[in-house]
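S.K.: Once you've had a glance at the structure underneath, I'll fire off some questions.
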Amino acid sequence: MAKKKKLTKGQVRRVRSNQQKRLKKQEESIQWDENMLGASKQGLVITRFGQHADIEDLETGEVQRCNLRRGIESLVSGDRVLWREGLESMAGISGVVEAVEPRTSMLTRPDYYDGLKPVAANIDQMVIVSSVLPELSLNIIDRYLVAAETLNIAPLLVLNKVDLLEVDDRAMYEEWLKEYERIGYKVLFVSKNSGEGISDLEVQLRDRINIFVGQSGVGKSSLVNALMPELEQEVEEGAISENSGLGQHTTTAARLYHIPTGGDLIDSPGVREFGLWHLEAEEVTKAFVEFRPYLGGCKFRDCKHNDDPGCILREAVEKGEVSEVRFENYHRILESMMENKANRQYSRNKKADL
């Protein structure tokens with residue numbers, strides 16, 4: 001038997017594109033006449049599935065699955081919309097989303113091929129979840145903080161699974177995270193198993209639309225279950241691979257939940273690394289809040305804050321006024337941005353050649 005030829009990446013993308021077109025054509029076969037639709041209402045996007053979205057009626061609280069009008073592309077959890085309910089359900093679809101209201105904020109995630117992909121809208125607070133298992137990464141925390149600062153979304157740092165820490169280890173983690181408190185960020189130590197910090201977390205989430213971000217395996221879904229026990233069966237908890245120690249991807253689509261104690265929560269898919277290549281270096285520099293008092297004071301206007309002579313930011317690091325760890329992470333982020341931009345350009349050129 002002849003060996004089956006493996007598809008190239010370009011062929012795989014074309015197959016997926018054709019599948020999406022067929023699915024979209026099938027979905028568009030569900031058409032609504034004007035006389036089959038009720039009056040326009042305000043709604044809240046709970047989650048989205050392709051050309052469908054689950055919309056909460058802001059008057060009744062009921063959730064209906066709706067089609068999207070042509071031209072509505074970037075609908076995401078947290079969006080406020082205008083929608084019309086069908087007088088009867090058609091193939092499980094109960095209405096149509098007709099317009100998206102202006103957003104106060106938009107969280108996006110870079111994609112190599114498609115540029116920026118929206119993740120969630122109208123976010124008030126970014127809950128950056130880390131964990132003692134698989135391991136705490138201050139570099140990942142700093143990446144999320146850059147995203148939060150550039151989007152003007154208030155960040156909240158949460159260290160999960162602290163029940164696994166011995167006393168000496170806990171003191172070490174507290175020392176690591178004390179720097180973030182020093183520069184003005186709120187830090188919480190929490191555990192679903194012991195209940196530590198859960199009530200404090202509930203207080204911080206009230207009256208806000210919150211999004212949980214963090215690597216896979218840090219326990220975002222387990223915290224959702226701790227905040228809303230009735231969803232224990234609905235939200236699948238991630239397992240840690242015994243072989244690699246890495247978390248398995250669990251949540252497959254961003255979804256908004258109402259927290260019984262107040263506030264809303266959007267649970268988003270975990271990511272291994274939060275891409276920042278779409279930002280300019282100056283934006284990243286300003287996103288490190290403790291750098292701001294020193295910016296503009298270096299000897300040279302184009303100072304890279306590395307080995308440049310007369311760099312007052314590096315002098316501040318040497319004096320202990322700025323964290324050396326944060327300063328090193330800053331340069332790592334800039335280096336990875338340059339690498340990712342180069343890889344993206346290579347991918348785009350390769351895609352154009354296919």
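Each Cβ is built from the backbone N, Cα and C atoms, and glycine gets one as well.
Since we're looking at a predicted model, the values are computed, not measured.
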S.K.: Starting from the Zn(2+) binding annotation in Swiss-Prot that includes CYS298, CYS303, HIS305, which of CYS66, CYS311 is the extra site residue?
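M.R.: Given CYS298, CYS303, HIS305 bind Zn(2+) in Swiss-Prot, the matching entry from CYS66, CYS311 is CYS311.
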S.K.: Do you know offhand how many angstrom separate CYS303 (Zn(2+) binding site) and ASN160 (GTP binding site) by C-alpha?
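M.R.: With distance taken Cα to Cα, ASN160 (GTP binding site) is 38 Å from CYS303 (Zn(2+) binding site).
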S.K.: I'm checking region-level scores; what's the whole-number mean pLDDT for the domain 'CP-type G' (113-274)?
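M.R.: Across the domain 'CP-type G' (113-274), the average pLDDT comes out at 84.
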S.K.: Quick check on the binding-site residues VAL162, VAL218, CYS303: which one has the highest count of other Cβ atoms within 10 Å of its Cβ?
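M.R.: The largest 10 Å Cβ neighbour count belongs to VAL218.
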S.K.: Could you find out if DSSP has ASN160 (GTP binding site) as helix, strand or coil?
M.R.: strand
S.K.: Ten-angstrom check, please: count other Cβ atoms within 10 Å of the Cβ of HIS305 (Zn(2+) binding site), all chains counted.
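M.R.: Taking all protein chains shown, HIS305 (Zn(2+) binding site) has 22 Cβ neighbours within 10 Å.
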